[in-house]
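Listed in Swiss-Prot:
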DOMAIN    11-46  domain 'EF-hand 1'
DOMAIN    47-82  domain 'EF-hand 2'
BINDING   Asp60, Asp62, Ser64, Arg66, Glu71  Ca(2+) 1 binding site
DOMAIN    87-122  domain 'EF-hand 3'
DOMAIN    123-154  domain 'EF-hand 4'
BINDING   Asp136, Asp138, Ser140, Thr142, Glu147  Ca(2+) 2 binding site
Amino acid sequence: MADEQLQLPPEQISVLRKAFDAFDREKSGSISTNMVEEILRLMGQPFNRRTLEELIDEVDADKSGRLEFDEFVTLAAKFIIEEDSEAMEKELREAFRLYDKEGNGYIPTSCLREILRELDEQLTSDELDMMIEEIDADGSGTVDFDEFMEMMTG
């Protein structure tokens with residue numbers, strides 16, 4: 001359960017703590033599962049009601065109808081992390097499209113070399129060669145979006 005928490009930055013956990021505390025009116029250390037939807041809505045966090053219900057079921061291990069803070073963070077993190085990764089993929093797709101001038105779904109490794117050099121001017125030619133060799137795993141001399149995405153997200 002704590003895996004998702006590790007992926008959230010401390011400031012995000014702090015925001016979740018404030019929201020949780022505001023809805024934990026009795027200061028019992030837990031909130032009703034009914035309040036989760038309201039908290040996500042107030043935070044401007046998009047969610048699908050059915051997915052939310054399934055996650056509440058999964059996270060509320062003791063089926064108490066209440067979530068402790070850790071359970072709440074685990075649940076909220078699933079929405080936050082998914083949204084962040086979707087946004088990142090969209091941005092990377094746009095960046096890839098800029099370099100894929102012909103629109104054929106790949107960019108030449110020479111273009112990739114320019115991108116890498118812009119990202120880190122300190123790279124030597126040998127380092128660039130090694131990186132490109134690793135990224136262009138199939139040795140095609142081109143990099144498709146999946147290879148590009150893997151490079152950018154590690």
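Each Cβ is built from the backbone N, Cα and C atoms, and glycine gets one as well.
Here the features listed in Swiss-Prot are painted onto the structure.
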residue : record                : DSSP (3 states)
Asp60   : Ca(2+) 1 binding site : coil
Arg66   : Ca(2+) 1 binding site : strand
Glu71   : Ca(2+) 1 binding site : helix
Asp136  : Ca(2+) 2 binding site : coil
Thr142  : Ca(2+) 2 binding site : strand
Glu147  : Ca(2+) 2 binding site : helix
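Taking the mean position of the Cβ atoms of Asp60, Asp62, Ser64, Arg66, Glu71 as the Ca(2+) 1 site, the remaining same-chain residues with a Cβ inside 8 Å of that point are Ser30, Thr33, Val59, Ala61, Lys63, Gly65, Leu67, Glu68. Within the same chain, residues 5, 52, 56, 60, 64-69, 72-73, 75-76, 79-80, 83 sit at least 6 positions outside the domain 'EF-hand 1' (11-46) and bring their C-beta atoms closer than 8 Å to a C-beta of that stretch. All chains included, 9 other C-beta atoms sit within 10 angstroms of the C-beta of Asp138 (Ca(2+) 2 binding site).
Long-range contacts of the domain 'EF-hand 4' (123-154) within its own chain (CB-CB distance under 8 A, at least 6 residues past either end) are made by residues 88-89, 92-93, 96, 105-109, 112-113, 116-117. Closest to Asp136 (Ca(2+) 2 binding site) in space, going by CA atoms and restricting to the binding-site residues Asp60, Asp62, Ser64, Arg66, is Asp60. Between the CA atoms of Glu147 (Ca(2+) 2 binding site) and Glu71 (Ca(2+) 1 binding site) there is a gap of 35 Å. When the binding-site residues Asp60, Asp62, Asp136, Glu147 are compared by the number of other C-beta atoms lying within 10 angstroms of their own C-beta, Asp62 comes out lowest. Around Ser64 (Ca(2+) 1 binding site), taking its Cβ as the centre, 12 other Cβ atoms fall within 10 Å, counting all chains.
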